[in-house]
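Lifted from TrEMBL, the feature list:
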type: TRANSMEM; residues: 6-24; note: transmembrane segment
type: TRANSMEM; residues: 31-51; note: transmembrane segment
type: TRANSMEM; residues: 75-98; note: transmembrane segment
type: TRANSMEM; residues: 110-128; note: transmembrane segment
type: TRANSMEM; residues: 134-154; note: transmembrane segment
Amino acid sequence: VDGLPLLTSILLCPVIGLGLIVLIPGGAARAVRWVSLLSALAATVMSIQLWRGYDAVTGGLQFVERLPWVEAVGISYHLGVDGFGTILVMLNSIVYLTGVLTMWDLTERVKGFFGFMLLLVVGVYGVFMAQDLFFFFFFYEVAVVPMYPLILIWG
């Protein structure tokens, strides 16, 4: 599909899922699970589209999205993937979907777990897609922060 910002769309799946989870009441664990699953499925479908659309013959950076942000210091929202990045985005989608399904029967602190997991996924997607050092570091930190409570509380 021409003109569709595929990388941003993949990145937004867990962001939208996280936003919806924040709005869901704490006791509605079933709704939290379904929002997480739907966001994981959407990201996986788009990642498959990314993988299928990558032209390995041409190689190099593809699906490039660039928007200037703070031009004075050269910071721009610049996403793109090469062959390796495409594989890593696809792998992250598989791990994301598997993680949601594996933790489906979680009964304690469901909202917190899935919220932190979606935040972690956003960070990992961003690290694999970022072509700007500022955003690479930003997404790296977004991925690191939720790992602490995920490991501390859920092991």
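Using the three backbone atoms N, Cα and C, a Cβ is placed for every residue, glycine included.
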Inset, instruction - For the transmembrane segment (31-51), could you work out the same-chain residues 6 or more beyond its ends whose Cβ comes under 8 Å from its Cβ atoms? - result: 6-7, 9-10, 13-14, 16-17, 20-21, 24, 63, 81, 86-87, 89-90, 92-94, 96-97, 99-101, 104, 110-111, 114-115, 117-118, 121, 125
Inset, instruction - Using a Cβ-Cβ cut-off of under 8 Å, list the residues of the same chain that are 6+ residues beyond the ends of the transmembrane segment (110-128) and lie near it. - result: 10-11, 14-15, 17-18, 21-22, 24, 26, 29, 32-33, 35-36, 39, 43, 81, 85, 88-89, 92, 96, 99-100, 103, 135-136, 138-147, 149-150, 153-154
